[in-house]
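Asker: The following block contains the structure, expressed as structure tokens.
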Amino acid sequence: MSRAGSPSARRTGLPLRALLTGAAVVVALALPLVLPLFQVTLLVNVLIFAVVVTGLVLLTGIVGLTSFGQAAFMGVGAYTTAVLTTQAGWSTWLTLLAGFGVTALIAWLLGLMTLRMQGHYLPLATIAWGISLYYVFGNTPALGGFTGLTDIPPVHFFGLSLTSPRTFAYLALVCLGVVALGAQFLLSSRVGRAMRALRGGPLVAEAFGVNTFRLRVQVFVLAALMASLAGWLYAHSQRFVNPTPFSLQAGIEYLFMAVVGGSQHVWGGVLGAGLITLLREWLRDLLPALIGAQGNFEVIVFGVLVILTLQFARRGLWPLIERVLPREEVRLLPEHSRLPERGKPQPGTPLLEVAHALKTFGGLRAVNDVSFELRAGEILGLIGPNGAGKSTLFNLITGVNPATGGRVTFAGQDITRASAGQIHRLGVARTFQHVHLLPDLTLLANTMMGGYARGRAGMVASLLHLERREEAALQHEALRQLERVGLGEQAFTLAGNLALGQQRILEVARALVADPTLLLLDEPAAGLRYGEKMELVALLKRLRDEGVTILLVEHDMDLVMNLVDRLVVMNYGEKLAEGTPAEIRANAAVREAYLGVDMAEGAA
Amino acid sequence: MDFLQLFDPTIFPVLAADGLTNGAVYALLALATVLVFAVTRVIFIPLGEFVVFGTLTLASLQLGKVPGTLSLLLVLLGAAALMEALTWVRRGQAGRGLLTLGGAALLGAALWALAGWAVPLKPPLWGQVILTLLLVAPLGPLIYRTVYQPLQNATVLVLLIASVALHLVLTGLALVFFGPEGSRTPPFAAGNVTLGQVTLSWQSLLVILVSALLMLGLYFFFDRTMPGKALRATAVNRLGARLVGISPSSAGTLTFTLAAVIAGLGGMLIGPSVAMTYDSGFLIGLKGFIGAIIGGLVSYPLAAVGAVLVGLIESFASFSLSAWKEVIVFTLILPVLLWRSLTTRHIPEDEE
């Protein structure tokens, strides 16, 4: 087990990483001046493609969805500006906005149709949409058919007409800079954390109040808008458009750029765009000579390259570079204000009430007429043999799988039919039986995920980093909770480096950031060693003393008996007994269910 | 006006017959797509390229030329044998590794000699069909071994990206092997048959019959034979199948062999009615695919019905709006997806 990267990571001496980034920017700014004209044209293309690929990094690398239709979205942007500037005489800046509008509408509709379903339907729909749009461009006389539209005016910027590739390169650089910076900002924000959480499955994200469907649609639209911007740039750099650069094949190549470069990093996307574009230039001369015929042979090499990348470096090439780069230092923002806290109920008042809960799967009654009450300030244990219906009951309280009948009330509100997110916002936070953390992120970032529902910054605020005040409050709240559970020292370590016991405690910290009135723990001791269990018991007792109400589902009898105030015992979906640990220990029915004591002795 | 002409009694049956013929082949492809996805989670986009390789290999044989398919087969055989041998060496069984390499070398040499001897003799059509199958069918399992097996534990998304990459590689290779010109293969049967008002060519009838027979064969394979049941078990529950001793690799190999055979045959069946070029495969494969999606990538009968429907729509669209044919067929997928998204309840799944 590695405990490397303790708090010292907070203060690395020189901001080496920032210096490197600065140097890269300076080189990028100098390139259009020093390169020969042909290579400047190539550079412009690389920059434009990198804008598209940045969108794919967000969509594919971070959220885990993908689209083969980015080239088609680019086409929408390009054709919108081409038609409106040549035929209606609009200003190029207005057509950019018009392109955004059309693209957003199409992406939104496609997203609504496909994003409710499993991940692979979106790429399939985008394949169909990519092909269709290509033929629409090619077969519409008003769009110039397969020959396209010519005489697109250049972009004017304060009286300067960007006709030469050298000046245009700066426009493209600025666009890429804005897009890449926005993407980086987004990734280090509340929305970005939710996006990363989506990749690990919708369960965690939903449990912390993320509307996963809406977020997916938003990211899909955002990626499409980036492609649309690239299309606008492309139309005004080439000054003519035809359907070919927006075909499905081009869409596939953008995805390849992301995969080869490293789809989980913004820089990886830029790297991929550069690499594949240059490789194509080189192969276009080499291969036809080698094969002795004309044709698109470079796709053979691209395809093989992508398959090899997937087999040997599934995260692409950028992580290999990242390894030799200095680590990005974690900056803590100054705390201006604290997050608002929720009023806590009086100890002893009823908090959660389960009345005649019923859950059937087909003919099976997994939970059958179970009723109990949980009072503020106590630890209640829910135990029972395997298959007793504990986890089903747990899912029913957390809204993962709502009840078929009966009533669940939390803090006076009926939550029987509420969604996981709604229940969370009322003050219920949970941990998972199988740990669900993001191993590549720090403990701090993982913990901050728990505070999602306490923040309100949306996509736009996150892209522009207008939410720094809230982010700072979240950071410090997360740090406080990490210290509360005893992980403060390791706040900047990666979660993947923790042992299982600490990962479970990290999940508790994450739940605590939500400022819950009720903490739900799903088998927190499963797989823990003895020492780890003792630490967990100590922590939970301390939390109870600090006023947190806890409901836990657990198998480990010793742990439960030493920890809880009261117990509910389930067997075969029904409530078998309820009472203090001492009462439960003395209960004959419970002993029978657990130990299989024979009927004669049990009845005696 | 154009639209109403569709229902002209002299035109309607012709279009319907055309649609049914192509639809039958799409249905075969739809079945193969569903099969591959269910067993291996691979969305097998390159299936269409297997169709192209089927047609164009047969076309090469017609001309008495050794098709490039042979070199692809030999290269893949070499790569697969090498990977397999490496696995054995890593397990400390170098002897077995050598045996694998030797066996592959022998097999390769035999295929090469067979092709070199038989092709210039221009065997009769049925001989060419067998030779084509011998060259195309092994590509399936070899591609599974070299491309997909190392990615066995990857997500559906990664497998899909690999599929798209493979599609580009095969399209590019088809251009190298067969050139940019289109080819048609000779029909298996000449003449027409009149059934009441409808006149069908024997070829169309043959295509429909062979497709139906293949589907029946598949039904028996899955319902009555042990390997078929093993594949179904893998499709239902991968881990469970593994626990009862069905290796996912051998299930994958078998599936890809079946898919390659189906697609190769499909290529030869559709070859006489479509001018096949190196890049036709994608659109053909996708049409089968739309059928598969109509079946939700799980239901075989729905997939087949969907694919026949695609064939019919395409045929009618090509008559009245030929330039928009592809647009109509592919935008069709969107309402289908919408309908599926509204009717199927999404079950949250943890993929990673």
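Note that Cβ sites are derived from N, Cα and C of the backbone, with glycine treated the same way.
From TrEMBL, here are the annotated features:
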TRANSMEM  B:20-40  transmembrane segment
TRANSMEM  B:47-64  transmembrane segment
TRANSMEM  B:70-89  transmembrane segment
TRANSMEM  B:98-119  transmembrane segment
TRANSMEM  B:125-144  transmembrane segment
TRANSMEM  B:156-180  transmembrane segment
TRANSMEM  B:200-222  transmembrane segment
TRANSMEM  B:243-269  transmembrane segment
TRANSMEM  B:289-312  transmembrane segment
TRANSMEM  B:324-342  transmembrane segment
Asker: Three or more CB pairs closer than 8 Å, sequence separation of 6 or more: does that hold for the transmembrane segment (B:47-64) against the transmembrane segment (B:70-89)?
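Answerer: Contact criterion not met.
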Asker: Let me spell it out: take the transmembrane segment (B:98-119), skip the flanking residues so only those 6+ beyond its ends count, and list any with a Cβ under 8 Å from a Cβ in it.
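Answerer: Cβ under 8 Å, 6 or more out: 61, 64-66, 70, 73-74, 77-78, 80-82, 84-85, 88, 127, 131, 134-135.
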Asker: Between the stretches B:20-40, B:70-89, B:156-180, B:289-312, B:324-342, which one has more Cβ pairs under 8 Å with the transmembrane segment (B:200-222) than any other?
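Answerer: The stretch with the most close Cβ contacts to the transmembrane segment (B:200-222) is B:20-40.
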Asker: Are the transmembrane segment (B:20-40) and the transmembrane segment (B:289-312) near each other by the rule of at least 3 C-beta pairs under 8 angstroms (pairs 6 or more apart)?
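Answerer: Yes, since the transmembrane segment (B:289-312) and the transmembrane segment (B:20-40) share at least 3 Cβ pairs closer than 8 Å, they count as touching.
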Asker: Given a Cβ distance threshold of under 8 angstroms, which distant residues of the chain, six or more beyond its ends, lie next to the transmembrane segment (B:243-269)?
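Answerer: Beyond its ends, the transmembrane segment (B:243-269) has Cβ neighbours at 24-25, 28-29, 31-32, 35-36, 39-40, 44, 47-48, 50-56, 58, 129, 132-133, 136-141, 143-145, 148-149, 152, 185, 206-207, 210-211, 214, 218, 227, 230-231, 233-234, 276.
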Asker: Mind checking which residues reach the transmembrane segment (B:20-40)? Cβ under 8 Å, same chain, six or more beyond either end.
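Answerer: Answer is 47-48, 51, 144, 148, 159, 203-204, 207-208, 211-212, 214-215, 218, 231, 234-235, 248, 251-252, 255-256, 258-259, 262-263, 265-266, 269-270, 273-274, 284-285, 287-289, 291-292, 295, 297-300, 303-312, 314-315.
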